[in-house]
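These features come from TrEMBL:
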type   : residues : note
SIGNAL : 1-21     : signal peptide
DOMAIN : 22-122   : domain 'Ig-like'
DOMAIN : 129-225  : domain 'Ig-like'
Amino acid sequence: MTVRGVLWLLLFSGAAIGVSGYTVTTSNANVQVEENKGVDLTCAHSGDFGSNVLLRWKFKDRKGSQVFVVHDGKPTAPYANRLTVYGGSNLRFTTVTRKDTGVYTCEITSGDKTQVGETNVNLTVLVPPSVPYCIVPSSVTTGRTATMYCSDESASPPPTYKWYKNNVLLPDNPSNVAGFKNATYRLNPKTGVLEFPAAAKTDTADYYCESVNSAGPAQRCRAMKMEVRKCPSHFNSKNLLLAELFLAYLTKKVYWFALPCFPVFSSRRPKRRRNCCWCNYSSAAGGPTDICHLVCQKERISACKERKQFKDERVLPPTS
């Protein structure tokens, strides 16, 4: 084949591709607008579809729910009072709210229904951060996991979260920052979760979280104190431990300050087992109100069995 023949073949192929385009486009695929203001979403299609096309606009929110905004060229009932179609296939909102944030799909179908094309427009309704909802545990025992939560569901675009310890910003990746290389916490700026896998006394501090996005000034929750408690050394003494348990027998309660030092205590009420020690404990200092079960571990097993003649097994004194 000659050079001229190859050129003619390329030109013919290009023309054929252009004829079978059936394209649907938008002039702005990412639209941002302040809340309670109007906005236009554009959609255009090639002439291949003909003049008698079927127009539909669909909307999918951030949670994945999808509804029709325009069907058969007309706004659906929920949008009829604040939406118009102009220029054949464009949308015009007179006002938008944060609930309108999501993906809008313009779908064009040819008159003979043999060709379908679509394009997407991402609409972000700008909403400044609000005061986030924060959860900070008031106390935790050394070596236990401590988890803090921060959430601002109204901000748009979705915010990122920052945590502060005694008014000092905690870096997302502490191992890369001088002064924080020995820190053991894990922070997810997208979810707002701050976790201490093994809390230490040095983690005792005031903590607060900040919600940040591009729509307005950052907002923070109030500072809350987390105290990391270390079990007193006297709990390692057998005699004093027995004295504590005997005091529980006399007063019919175990004080909350002692509970973190006993991993056998649980806030969940287990099934009642025979020949096991049971106790009630007080919630006067903020502890849970429930029944705790001493799971008859090692040195307590014999004590429980020797006291099985007691009908009331809730509080049983150990033997010396």
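Glycine is no exception: its Cβ is also placed from the backbone N, Cα and C atoms.
Just so you know, TrEMBL annotations never went through curation; they're auto-generated.
According to DSSP, the secondary structure content of the domain 'Ig-like' (22-122) in residues is 9 helix, 51 strand, 41 coil. Residues in the domain 'Ig-like' (129-225) partition by DSSP class (helix H, G, I; strand E, B; coil) as 6 helix, 44 strand, 47 coil.
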